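Student: Sharing the record's features from TrEMBL:
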- A:24-527: domain 'Cytochrome oxidase subunit I profile' (DOMAIN)
- A:36-57: transmembrane segment (TRANSMEM)
- A:77-96: transmembrane segment (TRANSMEM)
- A:117-138: transmembrane segment (TRANSMEM)
- A:158-185: transmembrane segment (TRANSMEM)
- A:197-224: transmembrane segment (TRANSMEM)
- A:244-268: transmembrane segment (TRANSMEM)
- A:280-304: transmembrane segment (TRANSMEM)
- A:316-338: transmembrane segment (TRANSMEM)
- A:350-374: transmembrane segment (TRANSMEM)
- A:386-410: transmembrane segment (TRANSMEM)
- A:431-449: transmembrane segment (TRANSMEM)
- A:469-491: transmembrane segment (TRANSMEM)
């Protein structure tokens, strides 16, 4: 095998000779970089989670309890920024880094050094952003959407804007790398329509990233110049309009929402067939549904702005376009259920998370449909109903999918099985408490409790207390997750087989557990029956 | 295409990514600190920005140097070449979207926010209660908004320097294409001549634009602070000018590389990537000339 590799790679095969710094900081290896992404994401998950704990503690009882209102606003803002850009997106990039080359039969990512740069920008970007919490005058407190004029009233604007520029550069390079890997590095015979759905979902997500991260960069650049360089993009006195920022921001923001869910769809589409021991139902429909959702994501942005005073024609257009998304999403949910139908199912931890995803994400989807209705949204806008909606799609959607993926692939990554018992303890705690946490927030929102306010009417006291208890216990449950991971990586005695799961199909399972340093140093010969979707009929 | 799927190329470890991350951080941290400095005291922000910026230049030099060395040593196969091409194509696409954000803002300002401030449309109250004497218009008449921020100004006449700049950039696209054809035909002298000509055209474009900016500030009172007209004008043309600057630097480096004999008839992706970038910059200018200067 080594004779086929170039001399550069030959050096790397002796990677045990690399010291710690060389291996992790100067890496060109997709697995090491993927691990860095995942560890970073876990760290950010706990940092963002601790901000959420502050929020829930403050809201435990009505009245100002623990923190000052400005700090509370910093917490809501930072919680969102850290979770979106620090936890969810890097986790998906980490999973893509680990799995895409193995799934398409490649030795590594197409552009390995740029891959390393994409990762190493992130710790610096978040150091920059989190440092604003210690600035005199405080960090950003106007919400993660950074609407002007509120967002440009503190000294933190420049820091946050530059941090977002860095994150954008990182995301764009990561996305370019993923597209080049998928389009250029597939083994012969790995046709586009034989690729795992996870790879498809990442191809489309990467396109979305390249299309919208520059738009976010443009939007925050206008904020920067409005604050520091005397421009008037968002100032009506100079002919601008604060609503303009909302348009540009949400042109980024809505595709961003799908950037955080499409890879989750891909993950669930890998896990359910494995544990139902049936190929995915409607493979092509799944791929086209992802593509349709991605297309629609570009023409629905103003549904975030129904209450801002849009012309009637715009409200109607964006309402109908938004509701249209339910169609491809429904196709996906239907196909996941149909995949399970008649399958010989087992319920290991990844499958439990995947099933919880299908049910709970669908709840989040339905509340999304309610929000899409313009007249109803006038009531729901900026209430806890919105908070409940997007936490159902992001926590029980994106985060549950990331956890499912971790349990599903960690035996492959480490070569050791995790503790199934503790995995299930983690799952049941998570799924119970996450509902205790977020379900009451629907009622709070419908009753009129506004979001991003540290105090509230005593009428909301009971549901808030229930929600906070759910929040603390959901937070604590994640310490079990941390324990399971630590145990699996360093202490587990139980070796994983190459295939790991009886029903698993796809190239990644033909490699050893843990896989070799460079996944495929020679192109694998593809046998269609070994692929997850190799037998697709036209 | 002769795909060699049995021979993959994976580059060796490199210090440049972490160096790049550090210098980018220093640059933006310095810049943010400087922007927030009290008047009169610049703090360490300015110094850090400078160190970071010089660091970025050194990083680019070092990273590209190692890539050029590897490329000259023949390490890169056709698959790597395709990855590079895809990388450059999608990078240019991301740049298109970046300019899209500013063109979109211009569209919104001209089609919606300025007319609404002038009372157009249904239920728009700002006109009634805040600025009832504002008549919506673009350019010198009302482009700086109902408060006439920045004072009265005049617009740049498109049929002078901007038209000349259009002709300069369009010809530079032609000359870079001639240079490319010459490169493929193996005529190095012709490549050097026409590529050098392209660099000169890029530089003259920048000189014209600098002159135009000075004139706008000094004589027309058209500044970045001239309401939405001023900020869309300077941000769009400014970011474009920045890209022309980058493109000119890249073309100059390619010129040096041609001189050093780095390219042959078949392998000259570095040249092509810069040529693509140059055409992109050209196309953006055509949009600017139409939407910012003429209309």
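For all residues, glycine too, the Cβ spot is worked out from N, Cα and C.
Would you situate these features in the structure and describe their surroundings?
Tutor: Confidence across the domain 'Cytochrome oxidase subunit I profile' (A:24-527), taken as the mean pLDDT and rounded to a whole number, stands at 96.
Counting residues 6+ beyond its ends, the transmembrane segment (A:36-57) has Cβ neighbours under 8 Å at 24, 27, 65-67, 72, 75-76, 78-79, 82-83, 86-88, 90-91, 93-95, 97-98, 119, 122-123, 126, 130, 399, 402, 406, 437, 467-468, 471-472, 475, 478, 482, 485 in the same chain.
Residues 25, 33, 36-37, 40, 44, 47, 70-71, 74, 78, 81-82, 85-86, 90, 93, 154-156, 159-160, 162-164, 166-167, 169-171, 173-174, 177 of the same chain lie 6+ residues outside the transmembrane segment (A:117-138) yet bring a C-beta within less than 8 angstroms of a C-beta in it.
Residues of the same chain lying 6 or more positions beyond the ends of the transmembrane segment (A:158-185) and with a Cβ under 8 Å from any Cβ of it are 81, 85, 89, 93, 96, 100-101, 104, 106-107, 109-111, 114-115, 117-119, 121-122, 124-126, 128-129, 131-132, 135, 139-140, 146, 195, 199, 202-203, 205-207, 209-210, 213-214, 216-217, 220-221, 223-224, 227-228.
Here the transmembrane segment (A:244-268) has long-range neighbours at 84, 88-89, 92, 95-96, 145-148, 196-202, 204-205, 208-209, 211-213, 215-216, 218-219, 222-223, 233-234, 286, 290, 293-294, 297-298, 300-305, 308, 332, 336, 354, 357-358, 361, 390, 393-394, 397-398, 400-402, 404-405, 408, meaning same-chain residues at least 6 beyond its ends whose C-beta is under 8 angstroms from one of its own.
Same-chain residues lying 6 or more positions outside the transmembrane segment (A:280-304) and placing a CB less than 8 Å from one of its CB atoms are 193, 197, 200-201, 204-205, 207-208, 211, 246-247, 250-251, 253-255, 257-258, 262, 265-266, 269, 272-273, 310, 314-315, 318-319, 321-322, 324-325, 327-329, 331-332, 335-336, 338-339, 341, 371-372, 377, 532-533, 536.
Beyond the transmembrane segment (A:316-338), the same-chain residues lying 6 or more positions past its ends with a Cβ under 8 Å from any Cβ of the stretch are 265, 268-269, 272, 280-282, 285-286, 288-290, 292-293, 296-297, 299-303, 306, 310, 358, 361-362, 365, 369, 372-374.
With a threshold of 8 Å between CB atoms, the same-chain residues lying at least 6 positions outside the transmembrane segment (A:350-374) that come near it are 261, 264, 267-268, 271-272, 274-275, 303, 306, 315-316, 319, 322-323, 326, 329, 333, 336-337, 340, 380, 385-386, 388-394, 396-397, 400-401, 403-405, 407-408, 424, 427, 431, 434-435, 442.
Within the chain carrying the transmembrane segment (A:469-491), a Cβ under 8 angstroms from the stretch's Cβ atoms is held by residues 42, 45-46, 49-50, 52-53, 56-57, 403, 406, 410-411, 414, 416-419, 422-423, 425-426, 429-430, 433-438, 440, all 6 or more beyond its ends.
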